Amino acid sequence: MLQIKNLSKSFPNPYGEPNTIFENLSIDIEDGEFVSIIGSNGTGKSTLLNIISGLIKESSGQITLDSTTITNLAEYKRTQIVSRVFQDPSLGTCPSMTVRENLSLALNKGKLLNLKKCLRHKTNNLEHLLEGISLDLKKYLDIKVQYLSGGQRQSLSLIMSSLASPKVLLLDEHTAALDPKTSNEVIELTDKIVREKNITTLMVTHNLKHALQYGDRLIMLHKGEVVLDVKDKEKENLTVEEILEKFEYAV
């Protein structure tokens, strides 16, 4: 279980009072749970992911994973248990390397190998990883990532992020920069990977349809607080219009 306990975060403000994002925020997320997080800009969604990943430090509070505190664990050490896919398709991959080389690097993540050994992997094994991917990545194993489309790069980032079997996967608006068709293909791939590998997943999104259609649970943040938290039948019966009404009420 991923537990966020009494989390607070403030940023210094040279012109006055500190900018408080969270104050005593607490959320428990079950193992394998796929949680969509929505809310207006500036409400703390990406900040929450940044704190969980170790990119920024919380002001106070605690984060535990499977009853082990990771609050003081360095970011580079958290990468062994926490993977992340960003909104920008150019992040999360090495653009000057081929698809094959990127996958090989991800497969050897955390191993004490030199680069030459890291990049060795059998073609059959790599092709198997790309089976059923609608964006034709299998055909581009020996193409440099910089020549792929945004959707292909984001799909590759997703696959790479899951290869080391992380305990937690953080998705930061990972379909926002894609066209509608490609966005739907990437979210379908996301759901497939999360379900098959049973990864505890937090997905920040502005796409309310995706937030309702995918995932086990929906959380809405507003001014650093949870103003909506639904799952199961309650989530299934929720509509986009009802979410918008709740958002307007929170504002």
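Counting begins at 1 with the first residue displayed.
The backbone N, Cα and C atoms fix where each Cβ goes, and this holds for glycine too.
What Swiss-Prot records for 2-248 is domain 'ABC transporter', and it gives sequence analysis as the kind of evidence.
Residues or ranges marked as ATP binding site by Swiss-Prot: G39, S40, N41, G42, T43, G44, K45, S46. There are 15 other Cβ atoms within 10 Å of the Cβ belonging to S40 (ATP binding site).
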| request: Give the helix, strand or coil assignment DSSP yields for S46 (ATP binding site). | output: helix
| Inside 8 A of the center formed by the CB atoms of G39, S40, N41, G42, T43, G44, K45, S46, which other residues of the chain have their CB, for the recorded ATP site? | T47, L221
